[in-house]
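Swiss-Prot annotations:
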BINDING   75, 76, 77, 78, 79, 80, 81, 82  ATP binding site
COILED    346-706  coiled coil
COILED    825-1154  coiled coil
COILED    1248-1304  coiled coil
REGION    707-824  region 'Flexible hinge'
């Protein structure tokens, strides 16, 4: 029976409405078979009813009813099969990041690749893809997606998911999404309109804003097999659908079969995570304890820093107060001492002022004399320098005069030679020009006759020239030689005349030069005068010259004599002044030498006496100072020991407070430590006993806490192995009243295992390896077990059981029955109470042990640090005694200092008087010379005359010595010098004229042959030409030589002339300077003799010495005076300052007393004085204490930053003007810490003791939690066992899946199976986890890392060749806790003669690969359903549907196999195939794409399987 139905659509779009023009539905022959649902364990599986496509390309409004098994889409290429499947997949997984339809009409286009093949399958406007499903609860759910193309070049598609529930089964999905607007017209509703329409019909419409929510709804309602929580889950599902759609073996699935087939073992992972979290929590508790310890350290730090902050300021104020009092007393002593010194300085000031006035008057006189001596010395030095220059210049001028005369003669000779050379050169030039002109004429002639004519003309020209120069009109060729000889003789006579005149001229020049020189010397000495009187003046000067020279030679002796007399006179004046000064200072009137010598002896004796007394006092003072230094060293030693001694005393006092004992000697401390060791051993034994008892109770509690009541965990394993139940588990609900009876009834067998068949178990007993010593087995039905198996009689105190015919067992009722849950819970409660009591006792004893240990530790620290000093004498008492002795020595030293000062003053005065006497006594004989002044005047007159002659000789001596040999030349004046000079000039001119005439006549003589030339041959012309050329060359060479000579003589003349000019210039400048120097030395007015400088210098030095001595004395006295005045000012200032300081210090002492009283009152009332008055700090400086306080303040600011009250109190305490605020802050800190003390745990009010007890308690808690951590630690062996069991379970499950694949055959493939193996690297990890290799256990015993990290490190250690990448150890460890990572899954097929092969597309045909791939996918879906069964509703069995496109790749047998597989597994299948598929089963749709006009649509004909039977 087959039903045929047909629906034809023609679609036309007009504006916003879609018009349905034609809808032709053929009548179905019979009513359709109702949609049936198969059952799965009594629960029907959900099914997909239909697929509806609205406004898709070719489908305006088409609903495809889906068969319960196989739905086939048949049609040619481009009929719309892939579009239909794409609509189904889009509604199932509406994720644009995953959708990719490769089989599309837009294949190869860039747009198609961008929209993943979806954009081209839609028409403009709103589109829908809707799935109509019915689940196991018979609920109809429509799920789908609204699609709409987005305008733009990217061809994007917008998707919105929704679901509809509550729609009647009779309602057609197409009618829901369209609205009829005419008889043959309809339009598509948008999403809002659809929502309103659904609500109007009473159904529920829901839109989803995320794909996760959409898939969550589909999973909960049984549409998809697995909950898709993430994009990764959606990707897996899509890959499965894609693999199903395109057929074949998907490498994406086969590579990750573990993720598809093996369920995630969340329970195991959660157990591991819980264990790790418990360990983490325990470690966090330990960290919290460490934090508490750090808080304790913070409190300890707070107490320490607060004590340092306040105690350092407290001691600094105490030191300052004591220092202020001492400073006030010291200021008062200095005040009185300054007043006494002021009185002494005033008397001394008067004496020194009188002496300064006398010294100032004497110094003014000496300064005038000294300045005069300095000026005189400067004049003498200037005169000597001028005289030296004059002498030097006179010598230079004499030398220059001689050189100048010589140079003039040289210049004149050079000039004459130059003129002669130039004349010769000019004559040679004339001859060369003549020869060159003749030669040129010869060369220009065309023939010999022309040359002759030219020579003749030149000869005639030369003859005319000679006539003109010589003035000879009758000159001819015949007489030319005679005239030439005449003129040549005349020229020689003129040359002799010139030479004679030059000789006379040189003699005249020498006489004139000597007369001029002598005349200049006379004028230089006597001044300008006529030349005629020069001889008389020279005679007078030379006559007086010898006597003046003799007188000048006596000048040094006279000057020395005058100097000696003046020096003696200066000594006489100095001696007079020294005597007056001595008498004035000594207040005496001594005049004679005897009186001065007697007084000198008296002063020497006085100095010796005073020196002896001073030496004695110095020795006594040195002894006292040495004693004081010894006392100071002893004081410093005790001062260094004092802080350590005080610290030791404080530590000893704390130990006495903690121990309640009094220690008088170091041996007492050692004895107490020994007793503490004995007490600690006793307490430790008690603590260990209580610990053992607590552990025993914990073990009992742990054993009774088992849920089934088994005391041995091995029994549970055996019960599971034998398939039985523990007897204790069967009687778990027995009442507490019946528990003693049943416990006695079963006796030792109360832990037996109840099994159904003892015979079956008996065979396994021989194979048992690990079991209790006594194992009881009872045969019976665990679901209906009673105690009838035993023959028993109840007595008063027990039960008698007939074990066998010859054996009875009597069991007394136990006092503490443990049979049944109620009895165990009661016993657990009792044990818990007892354990808590034992734990409390253990805690108390442990606390006492810790206390003893801490006390012993404190004593050990005291012994190591302070025992050597704690029992020594008090250093402060010794320091006080030393201070008293030092004060006595200081008083004696002051007395010695005052006496020594007076003696030193007397000694200085005596030494000063003795020094003056030593200077005065050697000069007494000078005072008796009375005629010294007359001798000085006489010597000075003689010296003046001698110095005048000496000056004249010095000024003109050189000139006179030059004048003396040439003075006779002044007798005759050479006046004919100018006449000779003119005559010589005229002779030279005549000589030049005659020489020119001789040259002209010589030229005519040379050309005489030319006059006879008339008809000579060519050879003669050439010979003459050659001669002319040779002559020209000779004359040119001669000219070059003469030119070079002229050039050399010109340069020589220029050089001689330059030297002459330099000498003349030097002579003029030095002569001028000489005259200037002579004038200057005359202006100075002093005599520049040899001894003048020495006398002036000696006089100056003597006056300077006297002035220096006077100035030194005056400077010393003025310094003393200034010192006294400054001391007086300083004393006045000191008096005012000391008075002011005394009053200021007194006011400070009075002002600080008020604040100090408040500090003392606060510290004493709060019992804090002992904590603040730390005597060891008294030895630190104020800066050190302030630095300690500042450092503590900085630490406290950080410590109390979170406590507002303490922070404010600290801020107030920072005011240095109110130290009492620091004490208040100290009290506040202690009060705050007292409030923080838990009085239920710590039995003290003292924060320091509380911190000590807190430390002990925290140590105990740390030990307990460390032990708990060891109990909580995960065993690596247990992890390995869990992993192995889980892997074994999953291997069994895979074997069950393989049973369903055994009979699947496609082509040559006869069977398919899954192969699961454990990876070698992970198998090594499991072996290592089992504990067989102890070297790896260090990782799991390390508390610093988690168990997961330990597993990761172990995996890296046993597999060092594997690169872990950038992943952390925790991530790797978590992966290793997932059993799936231990397994490798592969798919194998049994194919023909090849046997079992790995399932790969390359090894199989297309049909075989499709069938094998479909089998794998079915297995994955089935696995997903089983995996999700726990989290899905129990009344839900999900839909199961797969796809297959292009099914023509399968043969008919494979298609039948596929259909059979779907029927057996209750699965729906949607396949697409060409028209050659026979629709024998399921439902087949024939799709044909047609075009009517400009409209395109798909014609669909549905055919339900004709091979089906009713």
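Yeah, the Cβs are placed from backbone N, Cα and C, and that goes for glycine too.
Feature map: annotations from Swiss-Prot on the structure.
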residue : record           : Cβ contacts under 8 Å, 6 or more apart
77      : ATP binding site : none
79      : ATP binding site : 1487, 1488, 1489, 1498
80      : ATP binding site : 57, 58, 59, 73, 1487, 1489, 1498
81      : ATP binding site : 73, 74, 75, 1445, 1472, 1487
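If you take every residue in the region 'Flexible hinge' (707-824) and average the pLDDT, you get 77.
Residue 78 (ATP binding site) falls within neither a helix nor a strand when secondary structure is assigned with DSSP, and so counts as coil.
Counted over every protein chain shown, other Cβ atoms within 10 Å are most numerous around 75 among the binding-site residues 75, 76, 78. Residues 75, 76, 77, 78, 79, 80, 81, 82 make up the record's ATP site, and a Cβ search at 8 Å around their centroid adds 1472, 1487, 1489 from the same chain. Here the Cβ of residue 82 (ATP binding site) has 22 other Cβ atoms within 10 Å, regardless of which shown protein chain they belong to.
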